[in-house]
Amino acid sequence: MSTEGGGRRCQAQVSRRISFSASHRLYSKFLSDEENLKLFGKCNNPNGHGHNYKVVVTVHGEIDPATGMVMNLADLKKYMEEAIMQPLDHKNLDMDVPYFADVVSTTENVAVYIWDNLQKVLPVGVLYKVKVYETDNNIVVYKGE
């Protein structure tokens, strides 16, 4: 099917991956020390532990006929640097990121935090999905729902 002169509007998704390192401790102030230890196990260590997180951010939208892009990947890289790397890389999530003062720093909540931060800097309506790899086997996908 030809797109020349047909006015066809094509939608696409574009993803970019980054990595950051951070430490945290899984602990809920709503649970006793015994309940925290039972629920979170070794991840409840009072000294915390760290991860090398991988994050895949997916945006979606119409492919611009003039540029051939949904979004310039250089721009997406800048947005991700501002919304993810600056606040999270080489940080203790529980101590250095105010959001986690009252929110348990599970990977689910890290994904929500990243989504919310990206929503502040990205053009309206383009963010589609945030995928956070805590490890190669532990992955959370969040779509703002």
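Cβ atoms are placed via backbone N, Cα and C, with glycine included.
Taken from Swiss-Prot, the feature active site, proton acceptor covers CYS43, and the record attributes it to sequence analysis. Look at CYS43 (active site, proton acceptor): DSSP puts it in a helix.
DSSP assigns HIS90 (active site, charge relay system) to coil in the three-state reduction, outside any helix or strand. Other Cβ atoms within 10 Å of the Cβ of HIS90 (active site, charge relay system) number 11 in total over all chains. Sequence annotations record features per position, and here Swiss-Prot assigns active site, charge relay system to HIS90 (among others) based on sequence analysis.
Residues annotated as active site, charge relay system in Swiss-Prot, with sequence analysis given as evidence: GLU134 (among others). In sequence order, HIS51, TYR53, THR107, VAL110, VAL140 constitute the residues six or more apart from GLU134 (active site, charge relay system) in its chain with CB-CB distances below 8 Å.
Taking all protein chains in view, 25 other C-beta atoms sit within 10 angstroms of the C-beta of HIS24 (Zn(2+) binding site). Annotation source Swiss-Prot lists Zn(2+) binding site at HIS24, HIS49, HIS51.
According to DSSP, SER19 (phosphoserine) sits within a strand segment. In the structure as shown, the Cβ atom of SER19 (phosphoserine) sits within 10 Å of 12 other Cβ atoms. Annotation source Swiss-Prot lists phosphoserine at SER19 (among others), citing experimental evidence.
For SER28 (phosphoserine), the count of additional Cβ atoms within 10 Å of its Cβ stands at 14 [all protein chains shown]. Annotation comment: Swiss-Prot describes SER28 (among others) as phosphoserine.
In the three-state DSSP scheme, TYR128 (phosphotyrosine) falls into the strand class. Neighbour density for TYR128 (phosphotyrosine): within 10 A of its CB lie 16 other CB atoms from the protein chains shown. Here Swiss-Prot flags TYR128 as phosphotyrosine.
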Binding-site residues (HIS49, HIS51), the one with most neighbouring Cβ atoms at 10 Å: HIS51
Zn(2+) site, defined by HIS24, HIS49, HIS51: further same-chain residues with Cβ within 8 Å of the Cβ centre: ALA22, SER23, ARG25, CYS43, GLY48, GLY50, LEU93, SER105, GLU134
